[in-house]
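Here the structure comes first, spelled out in structure tokens, and everything after it is commentary.
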Amino acid sequence: MASVQLQNVTKAWGEVVVSKDINLDIHEGEFVVFVGPSGCGKSTLLRMIAGLETITSGDLFIGEKRMNDTPPAERGVGMVFQSYALYPHLSVAENMSFGLKLAGAKKEVINQQVNQVAEVLQLAHLLDRKPKALSGGQRQRVAIGRTLVAEPSVFLLDEPLSNLDAALRVQMRIEISRLHKRLGRTMIYVTHDQVEAMTLADKIVVLDAGRVAQVGKPLELYHYPADRFVAGFIGSPKMNFLPVKVTATAIDQVQVELPMPNRQQVWLPVESRDVQVGANMSLGIRPEHLLPSDIADVILEGEVQVVEQLGNETQIHIQIPSIRQNLVYRQNDVVLVEEGATFAIGLPPERCHLFREDGTACRRLHKEPGV
């Protein structure tokens, strides 16, 4: 195991900057996930740690050693890519041992390492098979095993589940989580799938246009996003946003006017520092935090546009006339409602988020479970 530290790391190709002044501390044994939309720089950041991309400026440390100029083979890292990249003419055992053979390891060491890793990954009964005889999930386990036999200090995974179908992704996600708990290795995992990030990570790094938007535990990012970008990216369906105007402030409270014909006002339990009366802001509320109208004091009403019945839950898209945008309401179980019907939902102030015009969040003061 080893820690990884990035200090003011920047990557640029000519005048195009793809990673901007990145500062990160990844502790020994942590499972850290880099997540963000396509083009945000997450894979580039991983490749700089691996040594596959040079660092334009800043410093990278693995353990206590500065690694900027160290060749990839000497960094003590192992990498798994989206593509399995297995040799089709070699057996599972031969694929897993290929790197050790190139390194000149003794046969008994190779056999011991391959057999040990095969047991961990439940591949022992498949060691004699060729890749074409394996399922997608088994091939990905072989690719992971090939990296593990080299005993890297840091394990890097670049979107390893993207080529798998939905059921296999769930299965492999569970297996990777179990593998980390069993081995205790430092793992850095890249994905654009925020569900993978939420379920796997000890710590999530959200990237936006080459910058670190927020670093934190999964529930911390879900309940207390630092800005509107993180709020909209973490969570599915994504957070609803409403334009509001500040009408009053008090200690640890901000009153806003909702964009409804009755101009209803509501006090939100958020930090009021630097919030000015009359300011235009955005109120955020997650679909699953909206309430049935009969148990709420603050009511929003609109026309049902789309009803998505998922069996275990219902997602209702409601158009609010005064703002000409849809809100998504999510409720467990089946909700029977027709498209075109008028539908009312409740807005719980304590579950609301408030964002300034520059996108930064006013700190929420409501204590959420698990954070």
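Every residue, even glycine, has its Cβ placed from backbone N, Cα and C.
What Swiss-Prot annotates here:
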DOMAIN    4-234  domain 'ABC transporter'
BINDING   Gly36, Pro37, Ser38, Gly39, Cys40, Gly41, Lys42, Ser43  ATP binding site
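When the binding-site residues Ser38, Ser43 are compared by the number of other C-beta atoms lying within 10 angstroms of their own C-beta, Ser38 comes out lowest. Local packing around the binding-site residues Gly36, Gly39 was summarised as the count of other Cβ atoms within 10 Å of each Cβ; on this measure the leading residue is Gly36. Report note: the ATP site is defined by Gly36, Pro37, Ser38, Gly39, Cys40, Gly41, Lys42, Ser43, and the residues of the same chain whose CB lies within 8 Å of the CB centroid of those residues, excluding them, are His192, Leu207. Long-range C-beta contacts of Cys40 (ATP binding site), restricted to its own chain and to partners at least six residues apart, with a cutoff below 8 Å, comprise Leu207, Asp208, Ala209, Gly210. It is Pro37, among the binding-site residues Pro37, Gly41, whose Cβ has the fewest other Cβ atoms within 10 Å in the structure shown.
Neighbours of Lys42 (ATP binding site), defined as other CB atoms within 10 A of its CB across all chains, total 26. According to DSSP, Lys42 (ATP binding site) sits within a helical segment. Per-residue confidence over the domain 'ABC transporter' (4-234) averages 92 (mean pLDDT, predicted model).
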